[in-house]
Amino acid sequence: MSTSHESHHAPVDGAGGPSTTGHEWDGIQELNNPLPRWWLWTFYATIIWAFGYWVAYPAWPLVSNYTSGVLGWNSRSAVVEQISDLQKLRAASSAKLANVPLEDIEKNPELLSLARAEGKVAFADNCAPCHGAGGGGAKGFPNLNDDDWLWGGTLAQIQQTITHGIRSGDDEGHQGNMLAFGSILSKADISNVADYVRSLSGAAPGDTPAAKKGAEIFAANCATCHGENGKGNQELGSKNLTDGIWLYGGDKATIVQTITNGRGGVMPAWGPRLSPTTIKALTVYVHTLGGGQ
């Protein structure tokens, strides 16, 4: 036994070479190469550090709580503290905006810069998911960079829309919606109206028999909201059909779908969620994106 044991642990690389661990399988032996000493000390240090972390910081979950650590620190309290510090920094600039009438902010370069900076942050946090980071919009969400406004693009009108929303449940919010004509008009009539509507913006010829029939149906059913010339009515939120700017799409299939099923997009009322000063900054920011009236 002694001879066998010694033979299994004999150096395989000659004198001074690594020995085997004593195991062999199908002629394969495992060399006994110890880990470098620096690696072992590093490993031991990480174990000691881990124990220290468990003691100092929140680490272990309990039944209804967790170990808080001797330092009493946690990331949530740190975030609350950072938010509080940020609010203190913003308080001075917010106070300046709060004490100036909305229509005077853009006349003062310093206030305009403050409003745009605060409005940009608020827009990114609250508005960008729907309207896009740069306000370019998407299908069903208005582009805020152009001059096509359903409910008006003046400072006062934008502030009203942001504060009270559209079909948001707020009593002071905008309430207009596009009716569904699928049960009122025949498919042929809806197709003719779609041809006429597209002709208003030059997307289709207006002298075809279908467009001419559509014009008559439009006058009887659509002109009340969109106007006889199709230029819309901002008091009702009725779209201008002559500018070629489409919220849901200007191809015939989409227009037929809109006429058939109607539209009723919703925008939240931000008045209960944001401070008046933040809404004022948002109003200025949106107004200066490029399409403000």
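The backbone N, Cα and C atoms fix where each Cβ goes, and this holds for glycine too.
Among the candidates M178, M267, the residue that Swiss-Prot annotates alongside C222, C225, H226 as binding heme c 2 is M178. Using Cα positions, the member of the binding-site residues M178, C222, C225, H226 nearest to M267 (heme c 1 binding site) is identified as M178. Averaged over the domain 'Cytochrome c 2' (209-290), the predicted model reaches a pLDDT of 95. Sitting within 8 Å of the Cβ centre of C127, C130, H131, M267, and not among those site residues for heme c 1, are the Cβ atoms of N126, A128, P129, F141, P142.
Residues within less than 8 Å, Cβ to Cβ, of C127 (heme c 1 binding site) and separated from it by at least 6 positions along the same chain comprise G135, L282.
Here the Cα atom of C130 (heme c 1 binding site) is found 20 Å from that of M178 (heme c 2 binding site).
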